[in-house]
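Undergrad: Mind looking over this structure? Questions follow.
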Amino acid sequence: MKVLLLVLGAALCQNADANPTWANEAKLGSYQDAWKSLQQDQNKRYYLAQATQTTDGVWGEEFTCVSVTAEKIGKKKLNATILYKNKHLTDLKESHETITVWKAYDYTTENGIKYETQGTRTQTFEDVFVFSDYKNCDVIFVPKERGSDEGDYELWVSEDKIDKIPDCCKFTMAYFAQQQEKTVRNVYTDSSCKPAPAQN
């Protein structure tokens, strides 16, 4: 309850800068530590449960079944394997990306994630944490450009909660999506999004 009241309080405050209303380190920074959250990816698979966008530069058009696992390869640096489908791909496809953290909206603690695709044609993307409970879910902001208060939202959920997403996670996603009049869609559709168990 305390988390939800803080979120609502921050959303109602007007910021003189172009920062999103939730970009308030003093009040909400303890729920937006990027590296603290990313360390959870080393222990379990996370699924993109919901999103407000339909197209991604890597996952393609009408992407679905997006999930990620990661392993640490350096100080605050991860090697991530992302699985996804889209309207042209009915089988899961892999994308390998290097993930680091950065400071967005003048924060003193890293609250953003930078993804760099691996391979001959690299692409770089930057997202920002809106909320993390550091065990079940993350709400991520995908800005139109660095420093913008306009963009899309994503809800990532751990593998052990994807079939029963905690209400606080769904509420936070829905609340900020409607602030920008965005429509939330389900990216995780059903159990067919889960990769087949590894064969021994």
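The backbone N, Cα and C atoms fix where each Cβ goes, glycine too.
Here the structure is a predicted model, which means the values were calculated and not measured.
Per Swiss-Prot, the feature signal peptide maps to 1-18; the stated evidence is sequence analysis. Per Swiss-Prot, histamine 1 binding site is recorded for S37, D56, W59, E97, F125, D138, E154, and the stated evidence type is similarity to another entry. Feature annotation from Swiss-Prot assigns histamine 2 binding site to S37, D41, Y115, D138, W156; the stated evidence is similarity to another entry. Annotation source Swiss-Prot lists disulfide bond at C65-C193, C137-C169, citing similarity to another entry. Taken from Swiss-Prot, the feature N-linked glycosylation site covers N79, and the record attributes it to sequence analysis.
Tell me about the surroundings of these features in the structure.
TA: Around the Cβ of D56 (histamine 1 binding site), the number of neighbouring Cβ atoms within 10 Å comes to 20.
Cβ neighbours of D138 (histamine 1 binding site) (same chain, under 8 Å, six or more residues apart in sequence): S37, Y46, F129, F131, S132, L155, W156. Under DSSP, D138 (histamine 1 binding site) is assigned to a strand (E or B) in the three-state scheme.
Note: C65 (disulfide bond) has non-local neighbours L83, Y84, K85, L92, V187, Y188, T189, S192, C193, i.e. same-chain residues 6+ apart with C-beta under 8 A of its own C-beta.
For N79 (N-linked glycosylation site), other Cβ atoms within 10 Å of its Cβ number 15.
With a cut-off of 8 Å between CB atoms and residues at least 6 apart in sequence, the same chain places A49, L155, W156, V157, S158, K161, I165, P166, C169 near C137 (disulfide bond), listed in sequence order.
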Undergrad: Restricting to the recorded positions D41, N79, Y115, which ones have a CA within 10 Å of the CA of F125 (histamine 1 binding site)?
TA: Y115
Undergrad: Inside 10 Å of the Cβ of F125 (histamine 1 binding site), count up the other Cβ atoms and send me the figure.
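TA: I get 15 for this one.
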Undergrad: If I take the Cα of W59 (histamine 1 binding site) as reference, which of the recorded positions D41, N79, Y115 has the closest Cα?
TA: Y115
